[in-house]
Amino acid sequence: MKYELKKTNGNARRGRLTFSRPKGEYHVETPAFMPVGTYGTVKGMTPEEVAQTGAQILLGNTFHLWLRPGQEIMRQHGDLHDFMQWHGPILTDSGGFQVFSLGKLRKIKEEGVYFQNPISGEKVFLSPEKSMEIQYDLGSDIVMIFDECTPYPATFDYAKQSMEMSLRWAKRSRDRFDELQNPNALFGIIQGGVYEELRKVSVEKLVEIGFDGYAVGGLAVGEPKEDMHRILEYVCPQIPADKPRYLMGVGKPEDLVEGVRRGIDMFDCVMPTRNARNGHLFVTNGIVKIRNAKYRNDISPLDPECDCYTCKNYTKAYLYHLDKCGEILGARLNTIHNLRYYQRLMAEIRQAIDEDRFDDFVVEFYQRIGKEVPPLQLAKEGENA
């Protein structure tokens with residue numbers, strides 16, 4: 001993987017990731033949003049449909065794909081790309097977040113995490129080394145280190161111990177990744193909760209180990225938005241400017257805008273797909289809750305400004321009807337629209353940075369959705385931009 005920082009506009013960054021894959025070179029224009037394909041599928045969508053929304057790269061889930069279908073069947077197909085027939089780049093998370101979300105079903109030790117398989121009930125062990133091996137078999141273009149996702153709230157002492165163990169696991173991840181002679185990219189994950197001094201140590205030590213990109217983890221786990229913004233404003237300037245920056249598990253459209261305002265290049269979230277299945281649709285001027293009875297007789301398109309298959313062909317009344325009847329097509333059409341909305345938003349962001357008018361775009365975006373622009377404390381990046 002190669003990363004090229006092409007342009008900055010304030011703290012917003014315009015770049016390009018280049019991946020060499022068996023079917024040729026693939027480019028990912030950044031800032032980019034990655035749809036989530038937890039089990040090797042973006043729910044309800046074919047790979048062609050996902051690509052038609054403008055998605056350039058997908059996220060797969062190491063933990064879930066390890067439990068089902070397992071490494072052996074993946075190897076028999078070739079890798080995850082062959083298994084799911086998506087031939088563009090794939091980023092896989094390390095399984096850390098899923099393990100830690102198991103709560104009482106898991107036990108964290110220095111060597112790794114012991115937990116109960118939520119499917120079969122058997123005892124299973126996942127370590128940094130094992131995560132690297134699974135992601136190697138998945139053929140992930142971007143591999144994430146195995147870390148502990150520090151919960152919120154967490155005391156300073158707990159966050160410190162957690163961050164320090166994540167650093168030790170980062171080194172073990174790096175070592176095993178190198179032993180496997182994996183030709184793909186490995187990203188470090190910055191932890192430290194809401195504590196700036198812990199985040200500082202985490203970034204410095206990860207940069208010492210050396211990674212192809214750096215993710216900000218442990219945010220969007222229940223902390224106030226102000227804390228997320230503060231940590232991003234603190235951390236982003238400390239990440240080497242020539243490496244991509246990835247904000248994990250975020251988020252709402254305004255979270256993407258706020259992340260870019262603070263220097264983030266990559267995002268992923270289940271929100272557009274999960275919300276679509278629940279009739280919660282993102283449109284140019286905010287939200288449409290298609291289950292609301294007021295849409296029963298609404299023969300207008302979902303979003304007149306959207307060019308997706310759903311908006312070009314169907315009315316709100318039809319989407320309301322499909323949802324009321326529990327038709328699978330309703331969830332599919334909603335998903336097509338929400339994913340296209342997210343990709344259109346990212347394309348608008350990239351164009352605004354290209355044209356040196358990102359600040360104006362931010363104002364326009366918040367005016368459209370009827371919200372105030374959140375304050376930005378961060379000075380323009382200088383020392384390592």
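From the backbone N, Cα and C atoms, a Cβ is placed for every residue, glycine too.
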Binding-site annotation, Swiss-Prot, substrate: partner of Asp93, Ser94, Gly95, Gly96, Phe97, Asp147, Gln191 in Gly70, Gly121, Gly213, Gly218: Gly218
Zn(2+) site partner of Cys306, Cys308, Cys311 (as recorded in Swiss-Prot), chosen from His280, His337: His337
18-24, 172-178, 249-255 - the one Swiss-Prot records as region 'RNA binding': 249-255
The annotated region 'RNA binding' range in Swiss-Prot, which must be one of 128-132, 258-262, 273-277, 323-327: 273-277
Mapped DSSP class for Gly96 (substrate binding site), helix or strand or coil: helix
Position of peak Cβ density within 10 Å, selected from the binding-site residues Gly95, Gly96, Gly218: Gly218
Fewest-neighbour residue among recorded positions, criterion Cβ within 10 Å, set Asp93, Asp147, Asp268: Asp268
Model confidence over the region 'RNA binding' (273-277), averaged pLDDT: 99
